[in-house]
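Listed in TrEMBL:
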- 40-386: domain 'Ammonium transporter AmtB-like' (DOMAIN)
- 1-27: signal peptide (SIGNAL)
- 46-65: transmembrane segment (TRANSMEM)
- 77-97: transmembrane segment (TRANSMEM)
- 109-128: transmembrane segment (TRANSMEM)
- 135-157: transmembrane segment (TRANSMEM)
- 201-222: transmembrane segment (TRANSMEM)
- 228-249: transmembrane segment (TRANSMEM)
- 285-307: transmembrane segment (TRANSMEM)
- 319-340: transmembrane segment (TRANSMEM)
- 352-385: transmembrane segment (TRANSMEM)
Amino acid sequence: MPPRYRSSRCRLPWLLLLLQALFLSRAFFAFPGARLTYFSSELYPVFQDVNHMVIFGFGFFLMVLRRYGFSSTGFNFLLVVLGVQCSVLVQDLLDLLGIQYSELGVESLAGAVMSMTAVVISTGAVLGKANPVQLIVMSLVELIIFHVSRCINSTFLQVPQNLTLMHVHLFGAYFGLAVTSRFPEPPPGLDKNRSTPKSELLSVLGTVFVWMFWPSFNSILAESKWEAVLNTYLALAVSAVAAFMLSALTSKDGKFRMAHIHSAVLAGGVTMSSTAEIIQHPWIAMILGLLGSVISILGSHCLQRCFNPPLKLQDTSGVHFTFGLPAVLGAVAAVLLQVVERGIVQQWSDLSSLGFLIFIEVGAFCQTISTALITGLITGFILNIKLLKAVHVSKYFDDQFYWEVSFQMISD
């Protein structure tokens, strides 16, 4: 007899209906000049690249568990289409309150889809442990907090809005880590949280898609678009080469490990998120891509063995060393590059302005991480209240809880 699972019919459809009614009301009342929303935009081809990256690329990127493939791709798609509407709604509210100017049309959608990257990354940390209702609640809370964090950086620290959006990897990784720390650990004998060659192959397929479209992601809102595309591609290329090199060097038998390729080849793109348009020399981007791959692979060894067990972190998809650490490297590199560039221009004569610049950049970086960690912990506590009916630890990492699956798929 197959195990019995609780039906989500009583909660999930009604929550989706309520949210969609809210978003529909927003679309009906928020556009007195709706004609302006449909103007043609040169951003559409690049927007499609980012859309492919977030929906298809990250959807397959999360397919690392052998019995959680339907949920990885399906829930990712559901969260993205809901979250984009929520993000646009939050942008309209901030514009209505006069806190932050909201774009129209494709520009608004581009920012919304890029904001959803934070949610997708956080989902990778809690992959297999949260039910759909918990994931939707987490997504809504995270999107609101991320927009508030952006407003703090742009209003009080005078960070340009397009650069505040580039903190999305930093925020998503540490928000997800804080949330997953509040979930119970699975029992030692549970083997559903492992991968198979088939699931790893599909996951790497998603990784390749994300890799291909990352230059569009880093350049879509940049002022110096061609510099951002060139620097991002070079950094991605070097990080991919370094991933193969380091994977062979760090494995016992000198063979490549798919887990290393899965995470480290993207490190260059993450590192470039804060620096892509300000780098003037391509070799700097290549060095940062190399360092990003190094910190990703070495971080996976050290963090999983030294820090994850005492902190009770089970980072299912490895978002910390795939996105978190390279994003920290990119933020630090952005500070150093701007200080060096400003110092060369001013010949280090005005040290007070340089100090203020460092204060602004470091303040934005620390504010983003602190907000992500604190609100992530609070969200983790909220997700485990009885009303949301958290999944029992014995049912983690299992599609059967939510999908109709054949027993042939279960046996595979």
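Glycine is treated like the rest: Cβ placed from N, Cα and C.
The model shown is predicted, which means the values in this text are computed figures rather than measured ones.
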Same-chain residues at least 6 beyond the ends of the transmembrane segment (109-128) whose Cβ lies under 8 Å from its Cβ atoms: 43, 46-47, 50-51, 54, 58, 61-62, 64-65, 68, 71-72, 75-76, 79-80, 83-85, 87-88, 91, 103, 135, 138-139, 142-143, 146-147, 165, 168-169, 171-173, 175-177, 179-180, 183, 192-193, 217, 220-221, 315-320, 323, 376, 396-398
Stretch of maximal Cβ-Cβ contact with the transmembrane segment (352-385) [cut-off: under 8 Å; candidates 46-65, 135-157, 201-222, 319-340]: 135-157
Tertiary contacts of the transmembrane segment (201-222) (same chain, 6+ residues out, Cβ under 8 Å): 43, 46-47, 49-50, 52-53, 56-64, 69, 110-111, 114, 117, 162, 165-166, 195, 228-229, 232-233, 236, 240, 258, 261-262, 265-266, 269, 272-273, 276-277
Long-range environment of the transmembrane segment (77-97) - Cβ separation under 8 angstroms, sequence gap at least 6: 16, 19-20, 22-23, 26, 30, 54-55, 59, 103, 108-109, 111-113, 115-116, 119-120, 123, 132, 135-136, 139-140, 143-144, 147, 151
Integer average pLDDT (0 to 100) for the domain 'Ammonium transporter AmtB-like' (40-386): 88
Sequence-remote partners of the transmembrane segment (228-249) [C-beta within less than 8 Å, at least six residues beyond its ends]: 211, 214-216, 218-219, 222, 255-257, 260-261, 264-269, 271-272, 275-277, 279, 282, 284-290, 292-294, 296-298
